[in-house]
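Pasting the relevant annotations from TrEMBL:
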DOMAIN    15-254  domain 'Cdc23'
REPEAT    247-280  repeat 'TPR'
REPEAT    315-348  repeat 'TPR'
REPEAT    349-382  repeat 'TPR'
Amino acid sequence: AVAGLCGGDFSDLREIKKQLLCVAERSRERGLQHSGKWASELAFALDPLPLSELPPPPALTEEDARDLDAYTLAKSYFDLKEYDRAAYFLRGCKSQKAYFLYMYSRYLSGEKRKDDETVDSLGPLEKGQVKNEALRELRVELSKKHKARELDGFGLYLYGVVLRKLDLVKEAIDVFVEATHVLPLHWGAWLELCNLITDKEMLKFLSLPDTWMKEFFLAHIYTELQLIEEALQKYQSLIDAGFSKSTYIMSQIAVAYHNIRDIDKALSIFNELRKQDPYRIENMDTFSNLLYVRSMKPELSYLAHNLCEIDKYRVETCCVIGNYYSLRSQHEKAALYFQRALKLNPRYLGAWTLMGHEYMEMKNTSAAIQAYRHAIEVNKRDYRAWYGLGQTYEILKMPFYCLYYYRRAHQLRPNDSRMLVALGECYEKLNQLVEAKKCYWRAYAVGDVEKMALVKLAKLHEQLNESEQAAQCYIKYIQDIYSCGEIVEHLEVSTAFRYLAQYYFKCKLWDEASACAQKCCAFNDTREEGKALLRQILQLRNQGETSSADIAAPFFLPASLSANNTPTRRVSPLNLSSVTP
């Protein structure tokens with residue numbers, strides 16, 4: 001058996017490398033390709049071992065020797081994806097390795113049949129419409145072995161997978177935890193646990209083995225649960241411990257930055273990752289999402305062509321091409337590629353969500369709802385799918401539904417201002433203005449991405465005749481916009497100046513009112529009102545109305561916005577000389 005070093009103990013990297021090489025080999029013998037690959041990639045990031053220290057091949061037992069011929073033959077069929085044939089020749093084998101391959105072949109045979117049927121019916125795919133028929137039998141046989149304590153770490157892993165597929169989540173979690181105790185080095189069991197844990201509370205109650213593998217698991221689950229600060233700390237400590245060359249850790253850090261929308265950091269790490277591992281396809285769909293958000297057409301086009309050359313029948317490749325067409329506003333083509341991705345893997349989360357977005361663009365709300373619901377079935381933690389459902393029901397003018405979905409999205413991303421603004425708008429439609437105000441204020445407090453929360457809050461105060469608070473919000477908004485350094489084309493800037501000009505005018509603060517009115521003249525939609533107000537102020541001043549000092553004006557415009565400092569507009573004036581009337 002392969003034992004793990006104690007938790008967080010990375011002092012003996014040679015021992016860790018030995019363990020990784022050993023478990024990679026054992027995973028491959030059992031047809032567990034992904035776990036084998038994970039261990040190999042991690043081992044590759046550590047220094048090579050001298051010949052004298054290489055781990056010896058695992059010792060064979062009597063039973064292994066007896067089953068060797070059948071195992072060797074069956075494994076060759078298994079590698080060629082002839083699962084039924086492999087299982088047939090492994091009947092009656094007693095050794096752990098051959099028994100695992102026998103059960104795993106039967107499981108994969110059922111999955112393959114299910115996927116083939118699923119692809120044939122890739123319409124609105126209702127859950128439970130197509131089942132893996134082998135699962136029930138496998139569960140009965142594995143549970144007998146489990147009770148008799150005859151399952152090794154790999155057997156427990158397979159038993160857990162069967163339970164999860166049968167939706168017996170609680171039992172599955174217990175079995176996976178047991179699997180991590182029996183065989184701490186098998187990444188597959190840890191990864192399955194990641195997919196079943198829905199919140200931090202659940203994580204607290206798990207009694208996990210105290211091994212260095214637990215650090216990788218915690219970093220991964222923190223990323224999944226959107227606890228990005230903690231995840232990044234964990235990954236940094238793993239890098240410091242000696243895994244600085246690991247492409248797996250690099251990609252995870254990039255994904256973490258993508259999740260907190262630190263786009264520049266994520267992009268630079270992905271670019272570095274592509275330099276180190278140019279033929280890598282995993283996570284490239286996340287990279288393409290970042291390029292999409294930044295509207296980097298040439299880079300996205302290059303990525304799509306590049307992945308197409310490497311392997312065009314990979315889910316990630318289809319998603320990247322889908323994103324490329326979406327950025328070019330060819331939404332039908334984009335949806336087609338996301339569908340192709342789902343034919344390759346119906347449980348691929350990203351493609352369902354992205355397909356939902358495309359159907360939204362095509363105004364096909366029922367198909368969008370269908371796609372988002374699938375995404376949630378695959379992973380209840382996908383906030384984009386909950387948010388997408390909220391938007392869809394908003395289009396359908398069903399605010400109560402909206403509220404439910406936006407709330408779920410907000411629970412998953414408590415510090416994302418977009419969810420809060422969406423929630424606020426919902427409450428506003430339902431006339432729950434106090435709740436709406438709370439949402440907008442919180443959105444501003446957590447750092448408003450779209451700089452819209454304060455305006456919406458100000459308008460609410462306006463509606464409720466709370467003019468002082470409205471003015472305060474507009475001033476904060478203007479300060480925010482101007483402190484960004486560049487004057488964005490914000491339609492609401494003119495609204496803010498117009499309101500403030502009228503507010504100061506009512507308060508008889510002529511200087512401030514005229515400063516704001518002059519600002520209004522810089523915007524097309526408020527120019528006339530600004531000029532009219534300036535004329536009024538001039539008239540009143542000439543009539544000897546003095547600026548009111550007794551009305552305490554709680555706020556003034558920041559000095560940088562005084563009248564002589566009109567911001568230059570970034571948009572060039574229209575050249576009308578060539579236009580003939």
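Placed from the backbone N, Cα and C atoms, the Cβ positions cover glycine too.
A TrEMBL annotation is a machine prediction, not a hand-curated record.
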Which sequence-distant residues neighbour the repeat 'TPR' (315-348)? Criterion: at least 6 residues beyond either end, Cβ under 8 Å.
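Residues packing against the repeat 'TPR' (315-348) from afar: 115, 118-119, 122, 125, 281-285, 287-289, 291-292, 295, 297, 300-301, 303-304, 307-308, 354-355, 357-359, 361-362, 378.
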Under DSSP, the repeat 'TPR' (247-280) has how many residues in helix, strand and coil?
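So the counts come to 27 helix, 0 strand, 7 coil.
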For the domain 'Cdc23' (15-254), provide the mean pLDDT of the predicted model.
89
